[in-house]
Structure formats: structure tokens, C-alpha cells
Amino acid sequence: MAKEFLPGMRKDYGKDSLTKESVHPDPMMQFEEWFKAAMKSDGDEANVLTLSTLGEDQIPEGRIVLLKFYAEDGFTFYTNYSSNKARQLERHPYASMTFHWKSQERQVRIKGSISKVPTEISDAYFNERPLGSRIGAWASPQSQEIPDREFLDDRVEEIQEKFENQNNIPRPDFWGGYLLTPVKIEFWQGRPSRLHDRIVYDLVDGQWATKRLAP
Ligand SMILES: Cc1cc2nc3c(=O)[nH]c(=O)nc-3n(C[C@H](O)[C@H](O)[C@H](O)COP(=O)(O)O)c2cc1C
């Protein structure tokens, strides 16, 4: 294994800048502006984010999930309610989301509390998913140990047979959405010489307050 730094891996940033005066007073509006820009540059990968949760052993765990909805009240992703992350969220209903929009030289970090979205909203989203993903949700005991790939293929076949004569595959009750209600959102814009711009919004007594942090 190489026992040296990775000297060539250094990129200087300088596409844009950020000030307390230039950001929107409402962080959700600021998020929307950046998300739209990211959709233009990163296409259907703009909604990729790292979700961090707290393990029972008090060690944080991160994994990628997809943002499926955002509105004034927060940010929604979908998953298996019996998965490792879901068990962690049941125990400790707080999480953080981190977006990295490489081509924009931007990062957004969000933290807040977690709740399940209403079942009718999960139903509506599930029904929009492609057939293969709907079957996949039924077939996969997410985060559980399985013997081999064949186990999954057999599960898919079983599920296909189970719903063979039904027009509609219903949402399994072990699968659905979580809403993260933010209490803090940080916008990070890369700047030259690692002197980046960081503007943080904190929710204080129901109002968003902004401050600039050193990079
Ligand atoms: C690009 C990408 C998108 C993903 N989207 C989701 C998602 O929206 N929901 C989800 O449950 N897992 C998604 N995953 C898989 C998760 O990263 C993870 O493997 C899975 O949710 C199990 O995590 P857990 O064992 O911590 O619960 C995605 C992975 C990648 C690489």
C-alpha cells in the first residue's frame, strides 16, 4: 500500500461566492435555487445525498439515499422500515443529510428530526415507481444477511407469482418515506486557497438566523 500523500489530488475552487446578504432569508428557498442549478448540471444525480444516523453503539453511520421530495416542511427519502437505518431512526429520530454538487463546487448539510411520512403519501409515491422497483421493495429484506444472490432472485420470483393476477402491487407496510424537518442548514461554496464561504441557518424560536463560519 502506498505510504505517501496523494499530491496530485488537489482542486482549487472559484466558480461562485456566498455572503449573508446574497442568500435568501428562507433556507428552503436557497435550497431550491441551488437544487435547481444542480439539476441542470448534475441531471438525475442531483438528488443523491448521504444520510447519517446514529448507531446503537453511538457511532454515526452514513449511506447514500435519494431525495424524493422537498417542501417548506422538509426533505423526504424512501426506504425499508425494517432496515438498519430505520431501526436506528426508531431509536434516535434525528439525522443529517449531506449533498455534494461537484460541478457547482457546493455542499449542503442539513440536520433535524425524523418522522414517517403519512401512509397515503408513501402509497402515492410507491405507485409511481417502476414495476421492477415495486417488486424489489417487496423482495428485499434490506440490511439482513442473506445466503447468496439466488435468494434474492427466488424472492423476486415468489413476489411476481404472488401478484400475478393483480393489476396493482400495493406498497408493503414495511416500506415508506421519512421526512427530515430541518433545524440547521449549511450552504458551502468552494473558494480559492481553501478559503471557502460557509453560511449557516439555525432555527431559533421559530425564525431562521444566519451566520458565516470560517472555512
Ligand atoms: C446512488 C444510490 C442511491 C440509493 N438510494 C437509496 C434510497 O433512496 N433508499 C434506500 O433505502 N437505499 C438507497 N441506496 C442504498 C443505501 O445506500 C444502503 O445500501 C441501504 O439503504 C441500506 O442501508 P442501511 O443498512 O444502513 O439501512 C442507494 C445507494 C446508492 C449508491
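Backbone N, Cα and C define each Cβ position, glycine as well.
FMN binds R63, I64, V65, L66, L67, K68, Y78, T79, K85, Q107, Q142, S143, R198 as TrEMBL records it, and from the list W101, W188 the residue named for this site is W188. Within 10 Å of H196 (substrate binding site), counting CA to CA, the binding-site residues R63, K85, Q142 contribute nothing. Within the same chain, the residues at least 6 positions away from K68 (substrate binding site) whose Cβ sits under 8 Å from its Cβ are N47, T76, F77, Y78, Y125, G177, listed in sequence order. Beyond the domain 'Pyridoxine 5'-phosphate oxidase dimerisation C-terminal' (175-215), the same-chain residues lying 6 or more positions past its ends with a Cβ under 8 Å from any Cβ of the stretch are 12-20, 23, 25-27, 30-31, 34, 68-69, 73-81, 86, 89, 95, 97, 105-117, 119, 121-122, 125-126, 137-138. When Cα-Cα distances from D12 (substrate binding site) are compared across the binding-site residues R63, V65, Q142, W188, the shortest belongs to W188. When every Cα pair among R63, I64, V65, L66, L67, K68, Y78, T79, K85, Q107, Q142, S143, W188, R198 is compared, the largest distance found for this FMN site is 36 Å.
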